[in-house]
Amino acid sequence: MKFTKMHGLGNDYIYVDATSQKIENPNEISRFVSDRHFGIGSDGLVLILPSEIADFKMRMFNSDGSEAEMCGNAIRCVGKFVYDKKMTDKSTITIETLAGIKVLEMTVENDKVVLVKVDMGEPILKAETIPVLSEKHPVIDEEITAKDYCYNFTCVSMGNPHAITYIENVSEFPLEKIGPLFEFHEKFPRKTNVEFVELIDDSTIKMRVWERGAGETLACGTGACAVLVASVLKGYVGRKATVKLLGGDLTIEWNESDNHIYMTGPATTVFEGEIDI
């Protein structure tokens, strides 16, 4: 299998052109290639496929083999992948995902994509659609307890579920201990991504993420979008902010005129290769 390893702010995936090679059992392949000791090493696997309703289709799998609806960092890399490999000559393209069709605007320098702006669509705030078991709409400050830990979560879906809470010192937070308690909490019928957020000022947010099916990652694009939405709903920031993740910064904007979230950030190719599967 021919592959390209890429990352968006350190959120790394193995990218495969599935328009030119047949990939069977992607769940198993994702578990294999993601292993950082016995595989290539990644947060998961991304397949680029033909689409009947967009320029390309993206399927993505977490490191545990589960299929995810969408990943903001991964979709930026998909844009770079198809442009840099001359699969398209357009700098604005559409990508079909399980979370709907996304529009990508790519900044190109020296015939290579360096920055990608993604129209992430409208945030989903209905509890049953996120989904989260709550009577609130929108779900702001839902008190959830797991073992001895209790937090007020604001819940948002960007095509995948996110639960956001605010703390004082995100750098020192024991995420590996507490993240999974809420990822698998009964309040979330399809599990959830969990974001712990520290407010820096009214246009800067610092966050760490416990990703559903992957654990802590260096960055999560949909998570950054969900965090901005939650922070606007709670009156903490304006509609455009810098979101600081372990792997770097994303610019997130919640556009008032169309209600869409726009995410801008880098995409980087690490290396290419072939592996027996």
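The backbone N, Cα and C atoms fix where each Cβ goes, glycine too.
Annotation source Swiss-Prot lists substrate binding site at Asn11, Asn62, Gly72, Asn73, Asn160, Asn193, Glu211, Arg212, Gly221, Thr222. Here the Cβ of Glu211 (substrate binding site) has 27 other Cβ atoms within 10 Å, regardless of which shown protein chain they belong to.
Marked as active site, proton donor by Swiss-Prot on the basis of sequence analysis: Cys71. Cβ neighbours within 10 Å of Cys71 (active site, proton donor), excluding its own Cβ and spanning all shown chains: 32.
Under the heading active site, proton acceptor, Swiss-Prot lists Cys220. Classification of Cys220 (active site, proton acceptor) by DSSP places it in coil, neither helical nor stranded.
Under the three-state DSSP scheme, Asn11 (substrate binding site) falls in the strand class. Of all Cβ atoms in the shown protein chains, 28 besides its own fall within 10 Å of the Cβ of Gly221 (substrate binding site). Counting neighbouring Cβ atoms within 10 Å of each of the binding-site residues (Asn11, Asn160), the lowest count belongs to Asn160. For Gly72 (substrate binding site) paired with Cys220 (active site, proton acceptor), the C-alpha to C-alpha distance reads 7 Å.
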